[in-house]
Amino acid sequence: MLKVTFLGTGGSLPTTNRNPSAIMLNREGELIMFDCGEGAQQQMMRAKTGMMNLSSIFITHFHADHILGIPGLVQTMSFQGRTEPLTIYGPEWVEEFVKILSAIGYYKLKFEIKAVKLKSGTSVKRDGYSVIALKTDHNIPSIGFALVEDERPGRFDRDKAIALGVPVGPLFSKLHHGGSVEVDGNIISAEDVVGEPRPGRTVVYSGDTRPCLDVLEASVGADLLIHDSTLADDMLDWAKEAMHSTAGEAAALAKKAGVKKLVLTHISSRYSDDATLLLNDAKAIFEDVVIAEDLLVIEVPFCDV
Ligand SMILES: [Zn+2]
Ligand SMILES: [Zn+2]
């Protein structure tokens with residue numbers, strides 16, 4: 001399972017129907033967050049994502065609309081008895097942020113918060129996937145993220161295995177995971193019955209940025225690209241000045257990279273009620289695009305099923 005829940009989709013300011021940036025990913029039961037804007041924990045409750053399995057928060061940059069959800073969230077998790085450590089990854093300032101966070105108010109957390117500073121190009125290796133920090137182009141130190149799953153074993157040809165005399169049972173699993181087995185004096189190896197390795201899934205999140213090379217390269221063939229789309233194309237000058245992207249620019253990058261699906265987020269409060277203009281700008285360039293709404297859920301399937 002790889003499920004993406006948009007907890008906050010507004011740009012810079014909360015509105016009545018959009019919280020600031022926060023995205024929850026549920027990968028095989030492990031929860032990780034990309035940014036954690038104000039109100040994220042209540043959005044988790046509304047979306048029923050759970051929070052105790054949250055292993056890490058990846059922060060794109062330390063503008064307030066991407067981090068103010070963290071203090072409340074960690075207090076709630078502590079109150080609920082969490083003892084597992086939580087890791088907060090981010091660019092420059094993550095260590096200072098965690099130090100300040102740990103010193104707010106007269107309370108003591110029951111769990112440890114670790115700060116890990118990431119430079120662009122750094123890869124955080126996890127069980128079954130990696131999160132790679134991408135160089136982005138905003139007006140303070142910033143990074144984006146690509147979650148890239150490991151390759152999976154190829155398809156197991158059950159009929160062929162049976163035809164070769166392999167008895168149905170544990171030897172199937174051994175072969176599927178690359179082992180060899182001996183049946184009636186014959187050695188049967190994985191290559192005989194297992195196809196080419198299959199790619200895992202890739203989800204890219206730009207954070208706040210102008211369109212940039214690292215996000216483009218990480219997005220080539222990606223299953224899902226979540227991109228800054230603060231403004232409509234008629235406000236390109238402003239987007240350039242504020243170091244954000246327009247809907248059309250995000251769509252052009254998605255098209256160039258050949259992503260399977262594009263989600264536009266960080267929507268300026270001026271379009272909070274009606275983002276049709278952004279959608280039209282993007283659709284003119286790239287068809288498979290949606291505007292993120294708070295509590296939108298997207299399941300990312302494997303491309304070969
Ligand atoms: Zn922002
Ligand atoms: Zn920002």
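Numbering starts at 1 and runs along the chain as displayed.
Using N, Cα and C of the backbone, Cβ positions are placed for all residues, glycine too.
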Notebook entry, point to check: Given that TrEMBL lists HIS61, HIS63, HIS138 as binding Zn(2+) 1, which residue among ASP184, ASP192, ASP208, ASP214 does it place in the same site?
Noted result: ASP208
Notebook entry, point to check: For ASP65 (active site, proton acceptor), which residues in the same chain are close in space, meaning a Cβ under 8 Å from its Cβ, but six or more apart along the sequence?
Noted result: GLY10, GLY11, SER12, LEU13, PRO14, PRO20, SER21, GLY37, GLU38
Notebook entry, point to check: Which one of these binding-site residues, HIS138, HIS266, has the sparsest Cβ neighbourhood, judged by other Cβ atoms within 10 angstroms?
Noted result: HIS138
Check: Excluding HIS61, HIS63, HIS138, ASP208, which residues of the same chain place their Cβ within 8 Å of the centroid of the Cβ atoms of the recorded Zn(2+) 1 site?
Finding: THR60, PHE62, HIS66, THR136, ASN139, ILE140, SER142, GLY207, THR209, MET243
Note to self: Using CB atoms and a 10 A radius, I'd like the single residue among the binding-site residues HIS63, HIS66 with the highest neighbour count.
What the structure shows: HIS66
Item checked: Cα-Cα distance linking HIS66 (Zn(2+) 2 binding site) and HIS138 (Zn(2+) 1 binding site), given in Å to the nearest integer -> 13
Next item on the list: Go through the binding-site residues HIS61, HIS63, ASP208 and tell me which ones have a CA within 10 A of the CA of HIS266 (Zn(2+) 2 binding site).
Entry: ASP208
Check: When DSSP states are folded down to helix, strand and coil, where does ASP65 (active site, proton acceptor) land?
Finding: helix
